[in-house]
Amino acid sequence: MAPPLKDELDIVIPTIRNLDFLEMWRPFFQLYHLIIVQDGDPAKTIKVPEGFDYELYNRNDINKILGPRASCISFKDSACRCFGYMVSKKKYIYTIDDDCFVAKDPTGKDIDALAQHIKNLLCPSTPLFFNTLYDPYAPGADFVRGYPFSLREGVPTAVSHGLWLNIPDYDAPTQLVKPRERNERYVNAVMTIPKGTLFPMCGMNLAFDRDLIGPAMYFGLMGDGQPIGRYDDMWAGWCVKVICDHLGLGVKTGLPYIWHSKASNPFVNLKKEYKGIFWQEDIIPFFQAVVLPKDCDTVQKCYIALSQQVKEKLGKVDPYFIKLADAMVTWIEAWDSLNSGGAAVANGKPKK
């Protein structure tokens, strides 16, 4: 039997190294198409285990495909993964980091993270009214007494945000004061993040409906030549959430878990995060106050409107945000150039 959404989902993996980790995921990933975005030196050869269907893009390919617009894709940062979102032709995307392994549930069974993400995406969200039994559509649960019947149909789910066992996704200061902390708590729950509530989106175990929200999944300008790093997925999450709220779409968090195998260096992380730690005290109130015009009825229109507000309001915090706002517009132009009328990517390197 074919796995769910086999021909409707791409798995996007950013990497700088050989993808040996795929061996562990073979039972779950092998029948799906992979898009590998190679960061760093394009002259380096990335080895992929035999038997996977994939295409691989390095920096030279990105420059060739996007031309001058390639400036919006980060270099030497996992934010480059969003190029994979752009060139995909599938309805759904699952993205995972190469240091994430298969986790086990409390019974010792391997967790099929992709299958759970698909369940989350194919099931409605309930952002307008919180259900105290979490996901009311899960087996053994339902809407509790007092939940309005008029809201029980829910809304389409745009994003499924998964979690991690072992190494938690902490910022550098927390890493430094809790170097040995590990997440061993498996919470068997999926919940919708309420409308009007922001959240810190982690990109290492994430799935989304590309048709519903894809153009907003831009991971910003990070890494080489930029004053900030490790805020790529955060930025995308904040943009995505306000646009989902505006368009009446849902975002879920919780299951599935993956096993995050290694902690990154907290001192290196602190250098990358330093400005962001201060800036987010302005960024969060900005996103909390964002109101998108009523005539913004597509993700692209919402994103362009949001970029204008970023330039106008966050540009006063630091000139970086003016550059970021311009890159947001470039990203939408690049997205539309590759995705209008089913335009094919001619310069990629399909491999098997």
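Every residue gets a Cβ built from N, Cα and C, even glycine.
Per TrEMBL, these features apply:
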- R145: N-linked glycosylation site (CARBOHYD)
- R145: site 'Required for activity' (SITE)
- R152: site 'Required for activity' (SITE)
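Other C-beta atoms found within 10 angstroms of the C-beta of the residue listed as 'N-linked glycosylation site' number 6, with every protein chain shown included. Non-local neighbourhood of R152 (site 'Required for activity'): P136, F143, each in the same chain, at least six residues away, with C-beta under 8 Å from its C-beta.
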